[in-house]
Amino acid sequence: MNDRIEKDSMGEVRVPKGALWGAQTQRSRQNFTIGMEKMPLALIKGLALVKKSAAKANECTGKLDQMISQAIQHAADRIIAGEVDDHFPLSLWQTGSGTQTNMNVNEVIAHLAAKEDVIVHPNDHVNMSQSSNDVFPTAMHVTGVQLIEQQLFPVMREVIKTLETLEAKNENIIKIGRTHLQDATPITFAQEISGWRSGMTHGYRMLELTLTELKQLAIGGTAVGTGLNASKEYINVFLQYLNEATGNQFLEDPNKFHGLASKDAIVFTSGALKAIAANAMKMANDIRWMASGPRSGLGEITIPENEPGSSIMPGKINPTQCEALTMIAIQVMGNDTTIGIGASQGNFELNVYMPVMAYNLIQSIELLTDGLRSFNENCLKGIKAEQIKMQQYVEQSLMLVTALNPHIGYDNGAKIAKKAFEEQTTLKEAAVASGLVKEEEYDRWVKPEQMLGR
């Protein structure tokens, strides 16, 4: 036989012999064979960290035997270390409170603890002073904070650093600005890059602001927010141990009814991630437009040649890193919509859309982390300005006529620009031919380097 018998409050269940989970996890496996999406391992590890802190708190408050507490903590450490990842098989599409995944973690911890010759009950011991209803949102917040601070922020700092380097390198290169995808007045390439950098910096700061809310935890609210079976002392000790383990400053949500039913901190955080995605998409789109060509596009920059771009056209190089990043941006925006709708469904005392919200939040953070890292290493660092091409566009631009406005007026300037366009002449030739501007006046007034606002 490859199965063993496990029991829960509903009776006996056959569980695969080598599985560390128990009856409730097995029931969920059988009842929810839906889709390919699994509960993210990052969240599983967040739950294990919560269980470890809860065991310490229950031990310190005299509710849990020291040996059992230590066995739970050791088991949780193994989960956090990724030693038993294969034992968390549950579909994302399950109960909206995440109860089945909470029990999956409880059961795995109990079975791991049993290997240390300690009898540990998944509910009575591992889940002591807890409910899925406060544990799951707590784990969502803890996981989100850790992923942002430990993974996304370092990558964003590297992107900002790369952009600062590109700014300094291209400070004196003048190019034509564009609005509405049409020629506008001149700008330096460094000024254009500074806009990308500022977008990343603003996104970083906005995301930082969300962490203040995300660091408030629902722990201790238990089933409906009243805190039944969880003492104030337990909450305080839990936070103490959690903060020691993470080096962070997590706090108690002052209103547990809000902590269980509302997911506005997740919405807030997702909104900031969407803002970062929007800025990333703008930057990637600018870069692939500027790199278009090489002979029939803008051709203002070159990007690294990482791989062949076409299976039929030899020698073709495509802006693949830009395309990957823009697809990620779209996914993050879609995730934000899902999170917003899910957060609006906190009926009465509990939101029951937490798994899908957790999945989308974690995916957004991880995709932006990986996508920005790849984009930075494989595209951004290798951008080179085609200065001759940029100079040609500046010299050909009719929008240099804007420099004549203070001298001949807007209407006369418009006539000169139209004349140059229709007669296929340079702006200077059209201006002199109009009789409104002398050649030496044009040379004195129309200087791109004096049109940069710096």
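Just so it is clear, glycine is given a Cβ too, placed from its N, Cα and C backbone atoms.
Look at TrEMBL and you will find H180 tagged as active site, proton donor/acceptor. When secondary structure is read from DSSP and collapsed to three states, H180 (active site, proton donor/acceptor) falls in the coil class.
Secondary structure from DSSP puts S310 (active site) in coil. The 10 Å shell around the Cβ of S310 (active site) contains 10 further Cβ atoms across the protein chains shown. Positions annotated as active site by TrEMBL: S310.
The number of other Cβ atoms within 10 Å of the Cβ belonging to T179 (substrate binding site), over all protein chains shown, comes to 9. Residues or ranges marked as substrate binding site by TrEMBL: 97-99, 121-124, 131-133, T179, S311, 316-318.
Sequence annotations record features per position, and here TrEMBL assigns domain 'Fumarate lyase N-terminal' to 11-334.
In the predicted model, the domain 'Fumarase C C-terminal' (400-452) has a mean pLDDT of 92. Residues annotated as domain 'Fumarase C C-terminal' in TrEMBL: 400-452.
The secondary structure of E323 (site 'Important for catalytic activity'), as reduced to three states from DSSP, is helical. Sequence annotations record features per position, and here TrEMBL assigns site 'Important for catalytic activity' to E323.
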(message) For each of T99, S132, N318, count the other CB atoms within 10 A of its CB; which of these binding-site residues has the top count?
(response) S132
(request) Express the distance between the Cα positions of H180 (active site, proton donor/acceptor) and P122 (substrate binding site) as a whole number of Å. (result) 61
(message) Taking only same-chain residues 6+ apart in sequence, whose CB is under 8 Å from that of D124 (substrate binding site), what do you get?
(response) none
(request) Using C-alpha atoms only, work out the spacing between N318 (substrate binding site) and S310 (active site) and round it to an integer in Å. (result) 8
(request) Return the residues near S97 (substrate binding site), defined as same-chain residues 6+ apart in sequence whose C-beta is under 8 angstroms from its C-beta, sorted by sequence, else 'none'. (result) S132, N133, F136, L350, V352, M354
(message) For the recorded positions listed here (H180, K316), tell me which residue's CB has the most neighbouring CB atoms inside 10 Å.
(response) K316
